[in-house]
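Student: The structure that follows is given in the form of structure tokens.
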Amino acid sequence: MSTTIEKEQPIVSVGTDADLDVQSSDDSSITYNGEERANRFKQRKTLSDIITILCCGVALISDGYQNNMMTMLNVIFSKMYPHDYTSSLKTRVSNSLLIGEIIGMIVIGLTCDYLGRKWAIVSTTVLIVVGCILTTAAHGATVTGMFWMIIVCRGAIGFGVGGEYAACSSSSSEAANESTKRRGGVFILVTNLPLSLGGPLALIIFMIVYCAAGEEHLPTVWRVCVGIGCVWPLAIFYFRYKMATSTLYKKSALKHNVPYSLVFKYYWPRLIGTCGCWFIYDFVTFPNGIFSSTIISSVLGSKTTMLKTAEWTLLLGIIALPGVFIGAYLVDKIGRKYLLMLGYSGYLVIGLVIGCGYDKIKKIVPLFVVFYGIFNSFGNLGPGNCMGLASSESFATPVRGTLYGLSAAFGKAGAAIGTQCFTAIQNNLGKRWTFIIAAILGSIGVGIAYFFIPHLQEEDLMMEDIKFEKYLRENGWTGSFGVEEDTETLEEQQEEVVEETKN
């Protein structure tokens, strides 16, 4: 039995059965067999375990792709429609995805706790595909009309992507909890890594399509680039449809009479931490991502080409990737809280270096891009890696999707506000202040993480479920935990066991 489990003995009921047991009576309790839980990693992993972990997170590449493709689409639209594509319209097009994500995170986060992770994941996948197709085919009686159709369709994509955050991250965390000791590192590699790869991938695809179509066929370039966004969710749709429900969700779900007043009373300190830290991270990183090509273009000068801007922006995205891998290595060693603080400290230091020395650094383009990339790499290292992980681990399984979705929605609200403020800050205070303000926010992020984010490493997520249930019982709640598996799901799992036995 692990040290963590021994510390929690007063609230743990150790059963005689090897498996977790959830009774369906009014006084139901989750029985915890410490020895069996400690040995769960030694059991043979089924194909469903692997598919659930991979397919839950990998499709988050859609978010990285859609946001970073917008970086180059802004350049294309400004070139194609210099008079119609005003700064206000540019902001609306950029923010449409974010607004959709906020709504999707809250709605799907809530419903995935009630209706199940699989239902939510399949629904969001379909919505992303449909939204991409409609955006690709966007037309209007006027140019402005076309852009409004793009805004609406990108909002639909955002709803799907936002829903994936809550459903996929919750499911991936629950599956990893049953399958691997280094849950944090695995979670990062299947969530934030695809999310971060979406940026370089979007730029590589843009450059290929741009070189193939040419400067004179820009409408073809942007429509093809948007349409390719359908590929990622479609590629894994079948596997998502066949994935099994996690053990934690089956044993701990609350489908009726959720006492939300008690939930928020119990989790409000952690919610301040996850919502506040995510808000700060997205306030800084999203406008910097969307307008990075604009920043680099201004540094390169007026004679630069669209392709050259894309190349430097791609380099910027690649330099930011090491932060993901370093964070994946460190997260299980130093914990989520301290990795978050390390990342925000990087914002503070590098942001001040770039901001205070902006006029000199911008004259040396490679140096500027390297510093800018390191700045973004610290974002990946800390909050980029840890916000999804901390938000999925800080809350019990019955409300994980809801509170994760709420935390992520605060993050996207920060992204929308940051995007709205970014141009105003540049125009009124100067470009250097975008980095100085990021540094100031980094210091605030360190404080919020220190006081409100729990120090989590590799504790069994079932322990949080037990503590949460104990709190509800002590406050008079008499509902029941757990869900019954339908016959179809049981048959699929039996078929899988038979196939693996044959192999």
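Using N, Cα and C of the backbone, Cβ positions are placed for all residues, glycine too.
Below are the features I grabbed from TrEMBL:
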{"type": "TRANSMEM", "residues": "47-65", "note": "transmembrane segment"}
{"type": "DOMAIN", "residues": "52-457", "note": "domain 'Major facilitator superfamily (MFS) profile'"}
{"type": "TRANSMEM", "residues": "93-112", "note": "transmembrane segment"}
{"type": "TRANSMEM", "residues": "119-140", "note": "transmembrane segment"}
{"type": "TRANSMEM", "residues": "146-166", "note": "transmembrane segment"}
{"type": "TRANSMEM", "residues": "186-209", "note": "transmembrane segment"}
{"type": "TRANSMEM", "residues": "221-241", "note": "transmembrane segment"}
{"type": "TRANSMEM", "residues": "312-331", "note": "transmembrane segment"}
{"type": "TRANSMEM", "residues": "338-358", "note": "transmembrane segment"}
{"type": "TRANSMEM", "residues": "364-382", "note": "transmembrane segment"}
{"type": "TRANSMEM", "residues": "403-426", "note": "transmembrane segment"}
{"type": "TRANSMEM", "residues": "432-453", "note": "transmembrane segment"}
Student: If you average pLDDT over the domain 'Major facilitator superfamily (MFS) profile' (52-457), what do you get?
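Tutor: Summing pLDDT over the domain 'Major facilitator superfamily (MFS) profile' (52-457) and dividing by its length gives 88.
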Student: What residues in the same chain, six or more past the boundaries of the transmembrane segment (338-358), come closer than 8 Å to it by Cβ-Cβ distance?
Tutor: 277, 280, 284, 323, 327, 330-331, 368, 371-372, 374-375, 377-387, 390, 430-436, 438-439, 441-443, 445-446, 449-450, 453, 455
Student: For the transmembrane segment (119-140) and the transmembrane segment (221-241), check the count of CB pairs under 8 Å (sequence separation 6 or more) and say whether it reaches 3 or more.
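Tutor: Checked: the transmembrane segment (119-140) vs the transmembrane segment (221-241), in contact.
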Student: Residue list, the transmembrane segment (403-426) vs rest of chain: Cβ under 8 Å, 6 or more residues beyond ends.
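Tutor: Long-range Cβ neighbours of the transmembrane segment (403-426): 87, 91, 94-95, 98-99, 101-102, 105-110, 112, 162, 165-166, 169-170, 263, 267, 271, 274-276, 278-288, 290-291, 387-388, 391-392, 394-395, 433-434, 437.
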Student: Of the stretches 93-112, 221-241, 312-331, which racks up the most C-beta pairs under 8 Å with the transmembrane segment (186-209)?
Tutor: 312-331
